[in-house]
């Protein structure tokens, strides 16, 4: 397995979106930055907030695109190209409708599942889908016509607690990823479910 050199948290920019379910990926990167003691700062060259962090002695770039979600690939592509980071060395954290709040899972490759952020990243990586994802469960509204309003809405307090618990566990599992390997990180994270 390639070493992860870039961790991306997907989000929409602006205060009005900061607490919406669609920004769960960014919450994870913000928490990673906090435990690494680094500050995410705006960098127009990479169309996002970036930081250089050290996890278990290894250098990693953190990125939260400040483009809108459907243009996330612009930021990921710019940073990956500049630092010559391959898709296999990228981990993208995003909200996942098909998993309940309180659950998060790592995954390598796959489609975009209708997620506009993933869709644009795949396009900007020359259709290479072979990057890692951290899927953060937010649940599903039950009707596909309600998805847009749902992901752009705030989770009720109990659901928010579950999402945050899964993110905390994902951060701990990310430390295991750097200390040991992805298999051990997956084993830990995939057995977790916040209640």
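Residue 1 is the first one shown; counting continues down the chain.
Note that Cβ sites are derived from N, Cα and C of the backbone, with glycine treated the same way.
According to Swiss-Prot, the feature site 'Discriminates between blocked and unblocked aminoacyl-tRNA' maps to 12, an assignment based on sequence analysis. What Swiss-Prot lists as tRNA binding site is 17, 68, 70, 116. Taken from Swiss-Prot, the feature active site, proton acceptor covers 22. Swiss-Prot lists 95 with the feature site 'Stabilizes the basic form of H active site to accept a proton'.
Feature map: annotations from Swiss-Prot on the structure.
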residue: 12; record: site 'Discriminates between blocked and unblocked aminoacyl-tRNA'; contacts (Cβ under 8 Å, 6+ apart): 20, 22, 23, 68, 69, 152
residue: 17; record: tRNA binding site; contacts (Cβ under 8 Å, 6+ apart): 11, 23, 152
residue: 70; record: tRNA binding site; contacts (Cβ under 8 Å, 6+ apart): 116, 117, 119, 120
residue: 95; record: site 'Stabilizes the basic form of H active site to accept a proton'; contacts (Cβ under 8 Å, 6+ apart): 10, 21, 22, 23, 24, 25, 115, 136, 138, 151
Specify all same-chain residues, apart from the site residues 17, 68, 70, 116, whose Cβ lies within 8 angstroms of the center of the Cβ atoms of the tRNA site, ordered by sequence.
12, 22, 67, 69, 71, 72, 117
Where does residue 95 (site 'Stabilizes the basic form of H active site to accept a proton') sit in the DSSP three-state scheme?
strand
Helix, strand or coil for residue 116 (tRNA binding site)? Use DSSP.
helix
May I ask you to report the DSSP-based helix, strand or coil state of residue 70 (tRNA binding site)?
helix
Over the residue list 17, 68, 70, 116, recorded for tRNA, what is the maximum interresidue Cα distance in Å?
16
Can you check what DSSP calls residue 17 (tRNA binding site), collapsed to helix, strand or coil?
coil
On the three-state reduction of DSSP, what should I expect for the residue listed as 'active site, proton acceptor'?
helix
